[in-house]
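**Student:** First, the structure itself, so that you have it in front of you.
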């Protein structure tokens with residue numbers, strides 16, 4: 001119980017941290033990415049290594065590196081085995097506890113929840129092993145994004161965008177921590193209720209002390225699994241949203257600069273200066289989003305639909321701005337403010353590619369956002 005109380009106190013303190021973000025004008029993107037990487041290592045990878053270790057292909061094969069992989073994986077597979085036994089061959093005591101649970105919370109057919117949990121936990125273990133293998137074989141491309149943005153220069157974003165991202169992070173932290181604590185309290189209540197039921201069965205001589213201890217160990221392991229899942233949902237997910245928002249702000253900034261350049265006074269010198277820079281930044285951002293799409297699971301992006309659906313909007317807007325810009329410049333009579341035929345073809349081809357390349361976050365092979 002002491003360990004549970006320490007966790008509760010820690011969760012409450014996360015809502016009111018001593019160094020509140022509201023005291024800072026802007027958040028540091030590098031700090032956000034460092035925290036994101038810590039959450040990924042704990043809740044997703046179950047590995048302990050640094051970005052430089054991966055970059056230099058020198059991840060140490062030691063117990064410290066694989067400690068979480070060993071113990072968490074054993075614990076989670078034990079949980080899967082126990083749930084499988086409950087779904088296929090439930091004991092009399094387990095059914096009785098389930099009936100008491102349903103009457104306490106006014107539920108029906110709660111046993112179906114365990115079938116879905118069994119499927120979800122098995123899929124999560126498969127996805128973890130896939131990422132685990134990619135990291136150890138140095139094929140995890142998203143590590144490049146983590147390394148780049150952990151060293152991101154905050155001055156590359158205008159104060160307006162940095163202020164928006166700071167407010168987004170503050171609200172996201174507050175909402176995530178509150179939901180995390182609420183769900184954790186509910187889990188603790190369920191955990192204590194089940195422990196109490198087994199203890200009452202023991203007092204009524206319906207089960208032996210050995211059986212009671214075994215059930216308490218199994219229930220505690222299941223509680224740890226749900227607590228871990230809670231951290232994945234409200235810990236990793238919020239940093240995932242922050243990163244998507246950062247990518248979206250970069251896209252918005254590029255389109256804003258494109259509009260200013262195309263609507264301003266045109267000259268061949270301005271074209272030679274701005275166009276290579278824009279195409280380079282666009283291709284780089286497209287590559288980063290492509291890496292992101294290869295890394296994420298479908299369920300994550302589906303949850304984030306409202307947040308990421310603006311990528312195609314900005315992409316199509318940029319394509320239209322370029323096409324209209326080409327049309328306006330070609331109507332000019334003066335040669336120094338007209339594009340050469342070669343540049344017209346290159347720019348027009350790039351605009352058409354932008355219009356058809358489906359720049360955005362994908363949700364599987366059939367859904368695009």
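The first residue you see is number 1, and the count goes up from there.
Yeah, the Cβs are placed from backbone N, Cα and C, and that goes for glycine too.
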**Student:** Quick check on the annotations: TrEMBL lists transmembrane segment for one of 32-51, 92-111, 112-131. Which range is it?
**Tutor:** 112-131
**Student:** What range among 152-173, 174-195 does TrEMBL record as transmembrane segment?
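**Tutor:** It is 174-195 that TrEMBL annotates as transmembrane segment.
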**Student:** Transmembrane segment per TrEMBL: which of the ranges 3-19, 207-223 is that?
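**Tutor:** Of the candidate stretches, TrEMBL labels 207-223 as transmembrane segment.
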**Student:** Applying the under-8 angstroms CB criterion, which one of 112-131, 174-195, 207-223 scores highest with the transmembrane segment (70-91)?
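**Tutor:** Top-ranked stretch among 112-131, 174-195, 207-223: 112-131.
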